[in-house]
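Student: First the structure, which I've put down as structure tokens, then a few questions once you've had a look.
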């Protein structure tokens, strides 16, 4: 049975009302639906995202985008997810395990260099120490503050699951390429960060030109195109933002969890 639209029902009601006076009184739409805010609250759809786990799911699936900060009421949830419960580690392990199984089953080309592209921040290295200082993403910081923090030589510890994948990829005969949106200005501190995490080998470490304001998704897409033109066979990509993984992305992509911030894609 087809469901009549609201407008059609109102039209029918008006017709019947005209032919039979007093039978039906049309009701104003405001009376029907009430206050929108009250409806949202009633249906648990308010922008406060009282269910932080559902908010997080929306972030990871790219249904919730363009958020400036983590909802204030989700601070404890994010801290528990990242630190206390170890769910972050479990989720990352699942992603990296699937990436390894995929890579292990590949028929690699013999006439070219097979490469796997790794994002850097919150893929191989963690920014959690920085965001922990600002309410686990609930406090808004100045643009560029993270990069200035990096410049102080601050520690960005390695993320064990992605580091394990990195080692496995090398053992499979696939060359790792690290593609970061850090400016070349931070090359020395980046090398220190990587060495401290045990990352000492790569085919290329690609950093963004100093002062570049190119959007991350555009910048990384251009780099991938350039690598393909040079003859590299990109078999896989892994990152914590969809901006790392969309637009002209050869090979399969693997998305790591990150509830701390959003990079437009």
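Count begins at 1; order follows the chain as displayed.
Any Cβ shown, glycine's included, is placed from N, Cα and C.
This is the feature table in Swiss-Prot:
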- 1-18: signal peptide (SIGNAL)
- 110: N-linked glycosylation site (CARBOHYD)
- 188: N-linked glycosylation site (CARBOHYD)
- 210: N-linked glycosylation site (CARBOHYD)
Student: With every protein chain in view, what's the tally of Cβ atoms within 10 Å of the Cβ of residue 110 (N-linked glycosylation site), excluding that atom itself?
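Tutor: For residue 110 (N-linked glycosylation site), the count of other Cβ atoms within 10 Å is 6.
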Student: Tell me the Cβ neighbour count for residue 188 (N-linked glycosylation site), meaning other Cβ atoms within 10 Å of its Cβ, over all protein chains shown.
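Tutor: If we count other Cβ atoms within 10 Å of residue 188 (N-linked glycosylation site), we arrive at 11.
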Student: Would you identify the secondary structure of residue 210 (N-linked glycosylation site) according to DSSP, in three states?
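Tutor: In three-state terms, residue 210 (N-linked glycosylation site) counts as coil.
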Student: Is it possible to get the count of other C-beta atoms within 10 angstroms of the C-beta of residue 210 (N-linked glycosylation site)?
Tutor: 10
